[in-house]
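Participant: Okay, handing you the structure first.
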């Protein structure tokens with residue numbers, strides 16, 4: 001993990017963490033609270049999942065569960081955890097097999113194959129549950145294999161408790177009043193939230209989920225376009241009792257906000273960042289939050305979504321451009 005001051009990093013793992021916080025200024029009309037984004041899009045492989053890729057592999061090594069050059073790592077993922085594991089596996093010498101719903105962006109497939117990870121696509125109608133089942137099926141017939149289990153692995157929230165939470169506290173000079181985070185595995189809000197609550201019991205925690213798959217709000221799982229959150233079940237690592245409120249955001253809202261963040265803030269981020277921002281802005285408009293500071297997690301960089309609906313219009317424009325004489 002990244003230290004405060006570093007000359008030349010000994011390897012890529014020392015580049016993880018210590019991502020910046022930045023205020024949102026031009027998409028916050030009507031807000032009575034300030035909103036600052038934690039740019040996890042600036043991790044070495046462009047997402048918050050770089051943290052848990054490091055944490056889960058390191059934890060398993062320390063427990064003697066896996067060994068480079070011998071163990072085969074397996075993980076079901078919507079993509080970013082796969083990438084976080086893929087660069088770690090490449091750096092440490094592991095074979096990695098990823099199972100992923102075929103509905104996830106093409107960029108994810110290309111990046112995973114770029115790290116020479118083996119990729120098995122699963123039925124998108126079965127969501128993450130289908131990817132999990134396929135991972136278990138592969139493990140049963142693969143010697144020396146180990147599933148890292150991001151949805152159940154305590155090393156997931158642990159790294160956020162040890163790094164993300166402290167970074168938010170220090171970066172805000174201890175003035176953070178609330179944290180808003182999309183819920184995929186639940187590791188980010190659980191680990192970061194627990195740390196922030198220990199520093200200030202009054203810190204509010206807001207989870208974000210798709211309105212189309214509002215499990216935490218008592219709804220049913222359903223298809224949506226916010227890749228990375230709304231897995232359709234309540235993950236084992238998520239401590240639901242920590243959360244003060246769950247804010248629902250639609251796929252359309254999330255996509256539009258992600259576009260606005262690029263156009264008005266100069267922040268090229270993914271759809272789940274748009275969802276988190278939309279939710280944080282809703283919270284920042286509530287009268288009881290006047291004068292407060294809300295930190296929102298932006299999980300990933302927009303370039304990973306070029307083939308998705310987020311960039312559909314500009315992609316078509318780019319494809320149809322002609323050469324000027």
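Keep in mind that glycine also has a Cβ here, set from the backbone N, Cα and C atoms.
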Participant: To which of 26, 80, 144, 320 does Swiss-Prot also attribute binding of pyridoxal 5'-phosphate at the site defined by 184, 185, 186, 187, 188, 272?
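Facilitator: Candidate in the recorded pyridoxal 5'-phosphate site: 80.
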Participant: Quick check for the class: what is the C-alpha distance, in angstrom and rounded, between residue 272 (pyridoxal 5'-phosphate binding site) and residue 49 (N6-(pyridoxal phosphate)lysine)?
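Facilitator: Distance between the two Cα atoms comes out at 13 Å.
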Participant: By CA-CA distance, flag whichever of 80, 185, 186, 187, 188 among the binding-site residues is nearest to residue 49 (N6-(pyridoxal phosphate)lysine).
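Facilitator: Looking at Cα distances from residue 49 (N6-(pyridoxal phosphate)lysine), the smallest one goes to 80.
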Participant: Can you tell me whether DSSP puts residue 184 (pyridoxal 5'-phosphate binding site) in helix, strand or coil?
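Facilitator: The residue in question, residue 184 (pyridoxal 5'-phosphate binding site), is coil (DSSP, three-state).
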Participant: What is the number of other Cβ atoms found within 10 Å of the Cβ of residue 272 (pyridoxal 5'-phosphate binding site)?
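Facilitator: Residue 272 (pyridoxal 5'-phosphate binding site) is surrounded by 31 other Cβ atoms within 10 Å.
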Participant: Under 8 Å Cβ to Cβ from residue 184 (pyridoxal 5'-phosphate binding site), same chain, six or more residues apart: give me those in sequence order, or none if nothing qualifies.
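Facilitator: Sequence-distant Cβ neighbours: 78, 228, 229, 230, 231, 235, 272, 299.
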Participant: Using a Cβ cut-off under 8 Å and a sequence separation of 6 or more, which residues in the same chain sit near residue 186 (pyridoxal 5'-phosphate binding site)?
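Facilitator: Set apart from residue 186 (pyridoxal 5'-phosphate binding site) by at least 6 residues yet with Cβ under 8 Å, we have 157, 207, 234, 235, 237, 238, 239.
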Participant: Only counting partners 6 or more residues apart, tell me which same-chain residues put their Cβ under 8 Å from the Cβ of residue 80 (pyridoxal 5'-phosphate binding site).
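Facilitator: Same-chain residues close to residue 80 (pyridoxal 5'-phosphate binding site) (Cβ under 8 Å, separated by 6 or more) are 47, 48, 49, 108, 228, 299, 300, 304.
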